[in-house]
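J.: Sharing a structure below in structure tokens format, with a few things to ask.
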Amino acid sequence: MVQQLLTVFAPMLLGAQLILTLILVKGDICPGQRGRIHKVLPPIAIMWLAVASLRIEAMMIVFAIAYFYSQVQTKKTRDQGPIWVMYLANGLALAYVGIEVGSQASLAGGLSVFVQISLLGALLAHLLLTIARTRLQAFHRILPVSGVVSAMLMSLAILLKANGLDNETLTAVIQPLLVGFALMISSVFVWCWHMLTAKEINKMQLGIALAFMLFAVTSNQAIFAL
């Protein structure tokens, strides 16, 4: 279970890194918010450290993010720091996930890993941005909508894989599959709750949504292993 969970960390972290890098480079953010975004980089490095228990190559990404964090301010700052290091970390993460996509036994499995970049990555980035008290209000709508689209693509990948299984095998995996679908729908519902109720978004809401989505994607991995 832990190994399956760590397997989905890599695409999630890549997606989050890409979104945070985009905001640091192109976002209209104040000095205080830039410093707060810098503060959420260590958790990403720590999660990559956990991924390194599966493949030691992930340590290169840990070192890149740690070096970038050591060179930037976590207080009010307009200094972008050595942004090329973040580009390097993103490139290494992209290569790592690319290897994962290529190692899948089927097209549906590769599509699943690819979709996780936007599905889990957007959700983690949304949580980190909320912790950093972002003022980029558009992201509170853009990221959940991207999550809905990604969940649809993930469902398509699962159906594509299920279509190629025989009845006996499909019967054996139907229970974790249904659990995964239920958790994914619940996660998307919780993620979009602030849009449905016109309330302010909060960290607990996103934390619950992320936990549900991680369990959903992990549960669905059983079908792609066949």
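Indices start at 1 and increase along the chain as displayed.
Using N, Cα and C of the backbone, Cβ positions are placed for all residues, glycine too.
What you are looking at is a predicted structure, and each value in this text was computed from that prediction instead of being measured.
According to TrEMBL, the feature transmembrane segment maps to 43-69, 81-99, 105-129, 141-160, 172-194, 206-224.
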J.: Among the recorded stretches 81-99, 105-129, 141-160, 172-194, which has the greatest number of Cβ pairs closer than 8 Å to the transmembrane segment (206-224)?
T.: 172-194
J.: In the same chain, which residue numbers or ranges, 6 or more beyond the ends of the transmembrane segment (105-129), come under 8 angstroms Cβ to Cβ?
T.: 8, 11-20, 23, 37, 40, 43-44, 97, 136, 139-140, 143-144, 146-147, 149-151, 153-154, 156-158, 160-161, 164, 187, 191, 203, 206-207, 209-210, 213-214, 217, 220, 224-225
